[in-house]
Amino acid sequence: MNPLSNGRITIDLGALARNWQVLAARHSATSECGAVVKANAYGIGIKPAAEALFAAGARTFFVATPDEGLELRAILPKAGIYILNGLYRGSASTYAENALRPVLGSLPEVREWADFLRSSGAKADAGLHVCTGINRLGLTLSEAEEIAEAIDEYRPFSPGLIISHLACADDPDHPMNALQRDRFRHVSRLFPAARNSLANSGGILLGPDYHFALTRPGIALYGAKASKTAETPLETVVTLEARLLMVRMLKKGETIGYGARFTAPRDMRAGLVAIGYADGFLRRSGSTDDREGACFHLSGKDLPVVGRVSMDQTVIDVTHVAESELTPGMMIEVFGPNMAIDRTAERADTIGYEFLTALGRRFEREYIGRSSGVQA
């Protein structure tokens, strides 16, 4: 490890690949397991992640933006790549030239894509995004019906994939899941020649009724929890460790950090760790006299964050760790196999997605379990 680094992010590409295989094994023979690698593969690096997933068997990938799609195309020349944010105005030729498949989410997008196909003669695939309840991207149900009824007006366009997105897949008992599934079945019948895709990570765990032809696992691939109740034997992919800078003694009644919001309830030892909100360790992870924060982990012990998280530093309570086990310069686990990222996120009133995608550049990245001989 670089002796000048603030910390280390260890990314287990073997665990990533095995997580995909665990999820893929839940599918029937008629359902394909894709992979979502948007936002730099949830912060871990799109190139190593995409190569590992392709080597594991993934063939259809989803990103958010066309620039992500271009980056992924250079990595995986033979993969199917869908752009979830749809068609960016005036850029249809770029999509077609690079075999990027826009997921069209509005009538203007559908018309522009159809016009491009007619005028250029290009043979290019695209998907259709229909909103079934989350009310973000996507055609309304009535707009989808309108397109289906007048499909000849949009020729040569014909959607190769119909997608929708579940709003509450992480809560298996939420009635919204069944409502969206039934609406999606209706939409799928409008376009019988197209494949269909509804399930994200949580949707996969809802069972085969939600899998349809193609699934889109994201957060579960990276080892974070995708369901409030469903258990899946997924492995930790990302371990974040940060450098211990120093240990200082505090007397009962002394305060810690900006705003003096945390008061030592007893004489204690405090460890100063080289990680802050500039590194993606969210300010909400801190604690006050009235609110518990996140915990780090060392030697089998959880170490509570005390006081506010600052830009470059976080203070933890190391009172119950033997002095002999604390050495300035050592690495302390922020999250990983002993401190689940979802637990850290819960203490910050957020989700694992936010922590993963916010990880900063000041940490050394180490990839382990890398597959060799990838034929992309």
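Each Cβ is built from the backbone N, Cα and C atoms, and glycine gets one as well.
Feature list (source: TrEMBL):
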type: MOD_RES; residues: K38; note: N6-(pyridoxal phosphate)lysine
type: ACT_SITE; residues: K38; note: active site, proton acceptor
type: BINDING; residues: R136, M311; note: substrate binding site
type: DOMAIN; residues: 237-368; note: domain 'Alanine racemase C-terminal'
type: ACT_SITE; residues: Y258; note: active site, proton acceptor
Residue, out of the recorded positions K38, R136, whose Cβ gathers the largest set of other Cβ atoms within 10 Å: K38
The domain 'Alanine racemase C-terminal' (237-368): DSSP-derived helix, strand, coil residue counts: 26 helix, 46 strand, 60 coil
Neighbour count (Cβ, 10 Å) for Y258 (active site, proton acceptor): 13
Euclidean distance between Cα atoms of K38 (N6-(pyridoxal phosphate)lysine) and M311 (substrate binding site), Å: 27
DSSP-derived class (H/G/I helix, E/B strand, else coil) of R136 (substrate binding site): coil
Rounded Cα separation (Å) that holds between K38 (N6-(pyridoxal phosphate)lysine) and Y258 (active site, proton acceptor): 35
Three-state secondary structure, the residue listed as 'N6-(pyridoxal phosphate)lysine' (per DSSP): helix
Pairwise Cα distance for Y258 (active site, proton acceptor)/R136 (substrate binding site) [Å, integer]: 38
Predicted model, mean pLDDT over the domain 'Alanine racemase C-terminal' (237-368): 96
M311 (substrate binding site), number of other Cβ atoms within 10 Å: 10
